[in-house]
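Going by TrEMBL, these are the annotated features:
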type	residues	note
TRANSMEM	B:46-66	transmembrane segment
TRANSMEM	B:130-149	transmembrane segment
TRANSMEM	B:164-185	transmembrane segment
TRANSMEM	B:230-251	transmembrane segment
DOMAIN	B:232-449	domain 'ABC transmembrane type-1'
TRANSMEM	B:272-293	transmembrane segment
TRANSMEM	B:313-340	transmembrane segment
TRANSMEM	B:361-382	transmembrane segment
TRANSMEM	B:431-453	transmembrane segment
Amino acid sequence: MVTVVHPNLEDTNAKMSARDVSVFYGDKKAIDDVSIDIPTKYVTAFIGPSGCGKSTFLRTLNRMNDTIPSARVEGEITLDGEDIYRSKMDVVQLRARVGMVFQKPNPFPKSIYDNVAYGPKIHGLVGSKSEIDEVVEKSLRRAGLWMEVKDRLEDSGTALSGGQQQRLCIARAIAVDPEVILMDEPCSALDPIATAKIEELIDELSGRYAIVIVTHSMQQAARVSQRTAFFHLGKMVEYGRTSDIFTNPLEKRTQDYITGRYG
Amino acid sequence: MSPAILLVLALGLGLAGWLAARARAWTFRRDSANGRIAALPVYHAWYVALWIVVPVLLFVGLWSVIAPQLISQSVLASPAASDLPAFGFQRDAILSEARSVASGSAKAVFNEAANGLVEPYRAAISRYNLIGVLATLIIAFLAGAWAFLRIKPDFTARTRVEKAVMTILLLASLVAILTTLGIVVSLVFETIRFFGMVSPLDFLFGTQWGPDPMSNPNSPDGSRYGAIPLFWGTIYIGAVIAMIVAIPLGLMSAIYLTQYANPTLRKWIKPALEVLAGVPTVVYGYFAALTVAPAIRDAAFAVGITNASSESALAAGLVMGVMIIPFVSSMADDSIAAVPQAMRDGSLAMGATTSETIRKVLVPAALPGIVAGVMLAVSRAIGETMIVVMAAGAAANLTGNPLEAMTTVTFQIVAMLTGEGSFDHPATLSAFALGFVLFMVTLGLNFIALRVVKRFREAYE
Ligand SMILES: Nc1ncnc2c1ncn2[C@@H]1O[C@H](COP(=O)(O)OP(=O)(O)OP(=O)(O)O)[C@@H](O)[C@H]1O
Ligand SMILES: [Mg+2]
């Protein structure tokens, strides 16, 4: 079965494209023949029941699957038209351009300042202390965390609240000025207020970056995304504008899922 | 022989009590209205069995101490004992010879005088054996009957059995603690005696070590009891040279094993390293003394250092370092593995390479655990004895030259205790003072290390 793509999806320029991508864990196929274009300056949401392969597919986009020995990727994924799985691709460069925020906030056990400065330092983006200061402040401001932490930059990142930690992780990710940001259920460990803050942040960031977010919350997908892809059993069932998917799903399985008759 | 028989008897009686009580509890259960009683039959069974076995064991323990005394007393009271030499060593020899013939562990007497005593011994032994067995039976029966009569349908046997088991476990754990306490107390006691003869200031700050066990014990020369060279040798070998070897190698092997090795390789190398930790230290001692020390001396000659000693701090320290590698690596391995995978993923997702991730995230995050591992390793190294006894030498040199012989606290403890001095000579007693210092230092190191590890564990829970 092929993916149903909504016909009125106007042709935005794709930042990343996947063509016939399958992912295996050992012999087990976790993603089956997925093709999708991820537009720049939009938020794309991946939804679907647990275990359908959303995280797996998301991780292929910055090759985090490389860290799982049994994982194998087939098909083609491009970033600005370049195949990211070609042998000459520098994974370090790729991950600097395609950043990632995880489900559970995972700040390093370092100071808030060092957490944000980590990426710019390892990629040699900054030289002098004042340059680093500038990047740290800019990133924390953009992540909406600056006002809360500007007087305690030397405190450990792990001493922040869960919501603050997650915004710190977002600040850390945007500090290297990526082109794409992947977020795997970034709000699932947060309360509604912290969630609202992150959603607001995603909204603000979407003007600059291509953002892909995995979420289990239909409301969240509806609120923050402009594109939605519905996954089921390793396949991408339906893809289109968020408004179309939620008001006028073409597939019965999609409809069942978003109306809550499912998983 | 007889305590063994009594033990078997105790267990047999316990089993009988167990079976009887269980059968009785079954009948309660059958007769009760709803098939339920306050505790399962098996708990009633254990309750009675414990009541039989514990008193019997206490009696057997006591009996095995007092019975031999009763036996000798009755033999000495017999007419055949009248022509024994009055006291001393000869009399004891004759008695013990007669005893071993009587109990069957020797065939015939060597000393004629013992012949007449064999029969009285034999009679006394069999008499007291009989008494022992009878007493055991009586105790078992009385205690068992008392317990048996207490079991009723509503008797809470389970809580009582659990309490008894808990007490037994508590006693078991107390054995180790009490033994340690006993050691410490005796150590403190002897140390105080030593400091009564030699001033603690001379001992702790003096720089000359050379106690003479043949000197007059009543007026020891305090200036020969300066332990600084020993402390220095201990630290230099155990905490400096050994750690220069063990820290980098242990850390690197931990990093390799946790981050780079594929699972099959890890499956082989990790146990291999742990086996290394189980090699008896005397084997390392051989290696240090017979292989490493001569090789170091020859190498020193080759580069023109002619006064290198054939026993050296370097040889002992190097081998000790190798011995300690598994401790450092296994603690470092555990702490690196305890850093959450999310931390590693977070760093890799930022575009950090594996080596950047290790240097900038994993090792700093695991640092408290690694430091604690190093402290435990140091405490082991400074307490290590065999390697330094065999390879470091006995000369109390206060020098920084690793090619010279040096001595350590542990070496001198051995030397002083096995030396020619009498037991209450200050030279011998100095071993206890040295042991006390060593004990306090290692205890302190372990204490701090364990606290650090605990804090670290909490941080990731
Ligand atoms: N490291 C792995 N090794 C083997 N199988 C895996 C691994 N990770 C995921 N899988 C399998 O791949 C399938 C897809 O998993 P994935 O984590 O991508 O699902 P998901 O859609 O993100 O689910 P959730 O919403 O619960 O996070 C599942 O069947 C899962 O069991
Ligand atoms: Mg997932």
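Residue positions begin at 1 at the first shown residue.
Every residue gets a Cβ built from N, Cα and C, even glycine.
In terms of C-beta pairs under 8 Å, the stretch of B:164-185, B:272-293, B:313-340, B:431-453 lying closest in packing to the transmembrane segment (B:230-251) is B:313-340. It is B:313-340 that, among the stretches B:46-66, B:164-185, B:313-340, forms the most Cβ pairs under 8 Å with the transmembrane segment (B:272-293). For the transmembrane segment (B:46-66), the residues of the chain that approach it from at least six positions outside its boundaries are 2-3, 6-7, 9-11, 13-15, 17-18, 20-21, 132, 135-136, 139-140, 143-144, 146-148, 151, 157, 160-161, 164, judged by C-beta separation under 8 angstroms. For the transmembrane segment (B:313-340), the list of distant contacts is 233, 236-238, 240-247, 249-251, 253-255, 257-259, 270, 273-274, 276-277, 279, 281, 284-285, 287-289, 292-293, 296, 361-363, 365-366, 368-370, 372-374, 376-377, 380-381, 384, 387-388, 391-392, 402-406, 453, 456-457, 460: same-chain residues at least six beyond its ends, Cβ to Cβ under 8 Å.
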